[in-house]
Amino acid sequence: MTTTSRPLYISYAGPSLLEMPLLNKGSAFTPQERIEFNLIGLLPQNVETIEEQVTRVYSQYKQCASDLDKHIYLRSIQDNNETLFFRLLDSHLDEMLPIIYTPTVGQACQEFSKIYRTHRGLFISYPERDRIDDILRSATKDRIKIIVVTDSERILGLGDQGIGGMGIPIGKLSLYTACGGISPAYTLPIVLDVGTNNRELLDDPMYMGWRHERVSGKEYEDFIALFIDAVQRRWPDVLLQFEDFAQSNAMPLLEKYRDELCCFNDDIQGTASVAVGTLLAACKAKNETLGQQKVVFVGAGSAGCGIAEHIIAAMRIEGLSESEARKRIFMVDRFGLLTEGMGNLLDFQLRLAQKSADVAGWTAGTETFPQLLDVVTHAGATVLIGVSGQRGLFTEQVVRELYKHCAKPLVMPLSNPTSKVEATPEEILRWTDGNALVATGSPFAPVEINGRTVHIAQCNNSYIFPGIGLGVVACKASRITDRMLMAASNALAECSPMVTGQGDAVLPPLKEIQQVSRKIALAVAKEAQAEGLALETSEEALLAAIERNFWLPGYRAYRRRSV
C-alpha cells in the first residue's frame with residue numbers, strides 16, 4: 001500500500017497551500033511545517049492528529065439535520081482537505097456510503113445548482129467544443145489514471161439532470177478511493193454539458209448549465225468523438241468510465257469505443273458484474289449451478305440487458321450452449337415479455353427476445369404479450385431481478401408465485417433510489433416466509449422475521465468497479481474485456497459470507513470492501529495478462545503492484561522545494 005512515511009517536496013506555501021485539497025492538512029501541520037511553509041498565524045496554535053480531526057468533523061457531521069445537509073457537509077470537507085475526508089469515510093463507511101452516493105446523491109444532483117459551493121472536476125459544454133484540449137490542459141492534476149464522465153441524461157432513476165449530474169462522477173470517484181484505494185490525485189470527474197430537456201431546469205433562474213435543449217444525433221456523436229480524442233491525447237493510458245448515459249447512447253458508445261481505449265460503462269458492465277457475482281454466490285450457497293436457474297428481468301433497458309448478457313456468458317462457461325442459455329433468460333418491459341413479434345426493439349434487446357413459439361399460450365386475458373406474472377408462472381422462475389425504476393412492480397402475487405417454484409428464490413430489486421425499488425426486503429421476506437435470498441440496489445436495514453435477523457445485501461456497484469479500476473491501474477491493462485469482468489464476478493462470489501460460511505448475507509459487509517477490492521483487482525489483472533492486455537508478471541509482482549497503488553489516507557511530512 002502507498003506509505004505516508006516518505007516526505008513530499010512541495011513548492012506551495014501560505015494561503016495557497018491551505019487552499020489545495022490534496023495537500024492541505026489544516027490543524028495537523030506540524031510546528032516545523034508551519035514555519036517552513038509560512039503558515040504561522042493562519043491556523044489555530046494547537047497541532048492536532050488526524051484522529052483528533054476526524055473526531056471533530058464527525059461530531060459536526062452528526063449535527064446535520066438531513067441527509068442532504070450531511071452530503072453537503074462531507075463535500076465541503078472533500079473540497080478543503082481530501083486526506084481528512086477519506087480518513088473520515090474510512091472510519092464510518094457503512095454510515096456514510098449512502099450519503100456520498102446512492103440514495104442521497106440523487107437529491108444532490110437535483111439540487112446541484114442550488115447547493116453549488118466551489119469547483120471540482122471539469123465542465124465541458126457543447127458551445128466550447130472547439131476548446132476541449134484547452135479545457136483538459138487546465139486540469140490541475142497531470143497524472144490522471146481514472147476519469148468518470150457523464151452527460152447526465154439518465155441520472156439514477158431520476159432522468160435528465162443537466163449539469164447536476166456532476167454529483168455522480170464525484171461520488172463514483174470518491175468510492176474508487178474509499179473502496180479501491182485509488183489516490184484522489186489520479187482521478188478526474190467530468191460532465192459533458194450538451195444541454196438538457198428538463199424543462200424545470202431550463203426555467204430555473206439558478207440553473208448553472210447551458211440553457212439549451214439537448215444536442216442529439218450526429219452533432220452529439222461528433223462532440224463525443226472530439227472529447228474521446230482529446231482525452232486520448234492528454235492521458236493516453238487513462239481508464240475512462242461512462243456513467244449515466246441514456247439507454248439510446250450508452251450501449252452504442254460502449255460498443256464503439258471499447259476496442260479503441262480502456263473504457264468501461266458501470267451502468268451496463270458494473271451492474272452486470274455485481275449482479276452476476278451475487279447470483280453466483282447464491283448458487284454456490286444453494287449447491288446449484290447458474291445453468292439451473294430461470295431468470296426473469298423486469299426492465300429491459302441497457303442495464304438489465306447488460307446483466308442478462310453477462311449471465312448468459314457465465315452459463316456458457318458452465319457448459320450450456322448459447323441457445324440453451326438464452327432460453328433461460330426472460331426480459332419483461334412495460335409492454336410485456338420481449339418476443340420476436342414485438343416491434344421497436346433495439347438491437348441489444350432483440351438478442352434477448354424469446355421465440356414466439358416457445359411462449360405460445362403464456363398470455364392470460366387480452367394482453368398481446370405475456371405479462372410479469374404470466375412469465376414467472378410459465379417459465380418456472382427461480383430468480384427475479386428488477387431494473388425498472390418503478391416502485392411496487394414485484395407484487396405479492398408475483399413473489400408468492402416465484403416462491404412456488406423455488407424453496408430459496410433470489411430476488412434482486414436493484415432500482416435506485418429507494419423510492420423506485422420494485423419491492424422492499426421486508427415485503428419479499430414476508431411473502432416467502434423468510435426464505436428468499438434478497439439483494440437490493442439501495443441500502444436497507446436488517447429485517448426481523450421468524451425470530452431471526454436477516455441482513456440485506458446491497459448489490460451495489462461499489463463492490464465491483466473499485467476493484468476493477470485498481471486491477472487495471474496496477475497491471476496497466478490496455479482494455480477491459482468481458483472475461484476480465486467475469487473474473488471480477490467470480491472473485492466477488494468467492495467473498496460471499498454464504499460461501500465462506502461466515503454468515504447468511506449474500507455479499508460481504510462493507511467493512512470488508514477494501515479486501516474484496518484487492519481480491520477482485522488480482523483476478524482482473526491476472527485475466528488481463530492472460531489475454532495479452534498487460535505485461536505478464538508473477539502473481540507476487542501483481543500483488544505488490546496492487547499494494548503499491550493502494551492509497552491510504554494519512555498525512556505525509558512536507559519539505560519545502562525551491563521554485
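Using the three backbone atoms N, Cα and C, a Cβ is placed for every residue, glycine included.
Annotated active site, proton donor per Swiss-Prot: Tyr101, in sequence order, evidence recorded as sequence analysis. Counting Cβ atoms from all protein chains shown, Tyr101 (active site, proton donor) has 26 others lying within 10 Å of its own Cβ.
If you look up Swiss-Prot, you'll see Lys172 marked as active site, proton acceptor. In the three-state DSSP scheme, Lys172 (active site, proton acceptor) falls into the helix class.
Per Swiss-Prot, the feature NAD(+) binding site maps to Arg154, Asp267, Asn416. Long-range neighbours of Asn416 (NAD(+) binding site) (same chain, six or more residues apart, CB within less than 8 Å of its CB): Thr102, Pro103, Gly106, Leu156, Gly157, Gly389, Gly441, Ser442.
Every protein chain shown contributes to the tally, and the Cβ of Asp244 (divalent metal cation binding site) ends up with 26 other Cβ atoms within 10 Å. Summarising the annotation, Swiss-Prot assigns divalent metal cation binding site to Glu243, Asp244, Asp267.
Taken from Swiss-Prot, the feature site 'Important for activity' covers Asp267, and the record attributes it to sequence analysis. The number of other Cβ atoms within 10 Å of the Cβ belonging to Asp267 (NAD(+) binding site), over all protein chains shown, comes to 25.
The two recorded residues, Glu243 (divalent metal cation binding site) and Tyr101 (active site, proton donor), show a Cα separation of 13 Å. Close to the recorded divalent metal cation site, the chain also has Thr150, Arg154, Ile155, Ile168, Phe242, Phe245, Ala250, Asn265, Asp266: residues not among Glu243, Asp244, Asp267 whose Cβ is within 8 Å of the site's Cβ mean position. Across the fold, the C-alpha of Asp244 (divalent metal cation binding site) and the C-alpha of Arg154 (NAD(+) binding site) stand 5 Å from each other. Arg154 (NAD(+) binding site) sits 15 Å from Lys172 (active site, proton acceptor), taking the CA atoms of both as reference points. Each residue contributes its Cα atom, and for Tyr101 (active site, proton donor) and Asp267 (NAD(+) binding site) those atoms are 14 Å apart.
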